[in-house]
Amino acid sequence: MVYQLQFRPYQRSFVRSLSTSHGNWEKREGIIIKLIDETGTIGWGEIAPLPWFGSETLAAALDFCSQLGKEITTETIFLIPDALPACQFGFQSAWSAIKQPQKLTLNHQFSALLPTGEAALHTWEKLWQEGYRTFKWKIGVLPITAEIGIFKQLIQALPNEAKVRLDANGGLNWEKAIEWLEICDDWQIEFLEQPLAVGEEKAMLELSKTHSTPLALDESVATIAQLKACYQLGWRGIFVIKPCIAGSPFHLREFCQQNNLDVVFSSVFETTIGREAALKLAAEISPKNRALGFGINHWFKEDEETWLASLWKTL
Ligand SMILES: O=C(O)CCC(=O)c1ccccc1C(=O)O
Ligand SMILES: [Mg+2]
C-alpha cells in the first residue's frame, strides 16, 4: 500500500519553561504528518522528539521525513530504524488512524504536572478545583534542603485525598536519594520517579528493595529497547511510558501486555495529535489505578485548538 505524505514542522513556547534537573526547556518542537491512502482517507501523526531523553533530534526526524519524498509505503512505515523512535511512533500511529480509526474512550484519572520549585505552592489549588487529585512535582533542581522545605509545605497544604508523585529526572545521587526516600516513606508518596541517572539501574533496583515508596523508571526506559533491558535486569517496579518517544506503538503494547507491566503513561508535551494516539494505547494497557501523566494544560500560551487548526490549514 502506498500513502501520500505531507509534513510540517511546528514550534510552540511554554508559558513558563519546564525546569528539571536536565535544565530549562523553553519550547516544544515537532512535526505533524499527514498520510492519505488511495481512497482519500486521512491519517494524522505526530513526531515529538525529546533528545535530552534519548530520542532522535528534530533535525534527524526532519532529515528522515525529507528523504522520503511525496509517498511512503506500508513497508517503509514498519521498517523505520530503532534509532528514530519518535518517527516510528508518528508514522505508525498515523497508519493506525487510517486502518483502525476507533474513537478514544478513556475512564482514567489524570495527574497534573505542577511547576517546579515554590510556584507549586500557589498552583495546586486551581488544579484541585479543576478536578485533579494526583500531582507530580519535580525535584533534584534546587538545593536539597530548600526543596525538602517546599515539599513539606506542599504536602501539608494538599488535602488528604491528594496523591503525590515526585520526579527527580535522574538528578539525585545515592545519599540524596536515600534522604528523599525516607521522607517519601513518611508521607506515603505514590512513587518517586527516576531518582538516579540512566546507567544506574542496578542501584535503583537496590533502593527499591530497601524502601517502601515505589520507584518508577522513566529516562531509563525511554525506548522499547531500554524497557526490555530493564525488565531483563529484574525491574518489576513502575515503568513510565512516554509513547511518543518509545517507538512502535504495536511493539510497545505487545511487550507491556505480555509481561503485565505496572505502567504510568506520560506526556512529552505533544499536541492533540500525538496525545490521542498515546491515550489510545493508555486506554488499552494502563492500569486504572495509575493516573495518566497528561495533565499539562496551562503549559502553553496559545489555545491548543486554534493553534492546531491554523497549522492544519497549511497541510
Ligand atoms: O509525567 C507527567 O506527569 C508529566 C510529564 C513529564 O513530567 C515530563 C514531560 C516532558 C518531559 C519529561 C517529563 C518527565 O516525566 O520527566
Ligand atoms: Mg519523568
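Cβ coordinates are placed from backbone N, Cα and C, and glycine is handled just like the others.
For the Mg(2+) site that TrEMBL gives as Glu193, Asp218, the extra residue drawn from Asp167, Asp185, Asp186 is Asp167. The residues near the Mg(2+) site, meaning same-chain residues not in Asp167, Glu193, Asp218 whose C-beta sits within 8 angstroms of the mean position of the site's C-beta atoms, are Lys136, Arg165, Leu166, Ala168, Asn169, Leu192, Gln194, Ala216, Glu219, Val240, Ser266, in sequence order. In the domain 'Mandelate racemase/muconate lactonizing enzyme C-terminal' (117-214), helix, strand and coil residues by DSSP number 50 helix, 13 strand, 35 coil. Among the recorded positions Lys138, Asp167, Asp218, Lys242, the residues whose Cβ sits under 6 Å from any atom of ligand 1 are Asp167, Asp218. Following the DSSP three-state reduction, the secondary structure of Asp218 (Mg(2+) binding site) is coil. In the predicted model, the domain 'Mandelate racemase/muconate lactonizing enzyme C-terminal' (117-214) shows an average pLDDT of 97. For ligand 2, the recorded positions lying close by, meaning a CB under 6 A from one of its atoms, are Asp167, Glu193, Asp218; the full candidate list was Lys138, Asp167, Glu193, Asp218, Lys242.
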